[in-house]
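A.B. asks: Dropping a structure here in structure tokens format, bear with me for questions.
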Amino acid sequence: MNTLQKGFTLIELMIVIAIVGILAAVALPAYQDYTARAQVSEAILLAEGQKSAVTEYYLNHGEWPSNNTSAGVASSTDIKGKYVQSVEVKNGVVTATMASSNVNNEIKGKKLSLWAKRQDGSVKWFCGQPVKRNDTATTNDDVKADTAANGKQIDTKHLPSTCRDAASAG
């Protein structure tokens, strides 16, 4: 007795559903990391926009600008984007704070910093976790990890490879 099978059996359909589920389980976290990295790139872009003003201030005055106003840039809350709440200049360190809404949960309210050090007559910039410089007129340009930002550091996997410098870099 030969019967002609038409369509899919229940087992075949279950296997297809299992494969789709596995693919979704792998793809979804990868996509979330991708969106977080894209949102962090906005913070880096906005922070990098302040580098020239900070460098110019340093070259003209011999010390780091103490705040946004002395650096000649807009106030920290005026420098913002879709995913960035503010960009603050403090003692020559530029710190971007991610927004607390409409942003990936893993980076909500988190921070990253850009800071400069003198090197052979020029200024070299670094990028990484939040740091602070205690004095504008420091002679060694040392920065240290910002302990007030504990729990507010962006996970390294969301930072571009060019933005993973440590506070001791340089």
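A Cβ is built for glycine as well, from the same backbone N, Cα and C atoms used for every other residue.
Annotations for this protein, taken from Swiss-Prot, read as follows:
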type	residues	note
MOD_RES	F8	N-methylphenylalanine
TRANSMEM	8-28	transmembrane segment
CARBOHYD	S70	O-linked glycosylation site
MOD_RES	S100	O-(sn-1-glycerophosphoryl)serine
DISULFID	C127-C163	disulfide bond
A.B. asks: Taking only the Cα atoms, work out how far the residue listed as 'O-linked glycosylation site' lies from C127 (disulfide bond), in Å, as a whole number.
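C.D. replies: Approximately 22 Å lies between the Cα of the residue listed as 'O-linked glycosylation site' and that of C127 (disulfide bond).
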A.B. asks: Kindly assign the residue listed as 'N-methylphenylalanine' to one of the three DSSP-derived states: helix, strand or coil.
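C.D. replies: Note: the residue listed as 'N-methylphenylalanine' is coil by DSSP, not helix or strand.
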A.B. asks: Cα-Cα separation of the residue listed as 'O-(sn-1-glycerophosphoryl)serine' and the residue listed as 'N-methylphenylalanine', in Å?
C.D. replies: 48
A.B. asks: Just to verify a number: CA distance, the residue listed as 'N-methylphenylalanine' to C163 (disulfide bond), in angstrom, no decimals.
C.D. replies: 51
A.B. asks: On a simple 10 Å Cβ count over all chains shown, which one of the recorded positions S70, S100 is most densely packed?
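C.D. replies: Counting every other Cβ within 10 Å of each candidate, the maximum falls on S70.
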A.B. asks: Helix, strand or coil by DSSP: which one applies to C127 (disulfide bond)?
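C.D. replies: DSSP call for C127 (disulfide bond): strand.
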A.B. asks: Can you count the other CB atoms that lie within 10 A of the CB of C127 (disulfide bond)?
C.D. replies: 20
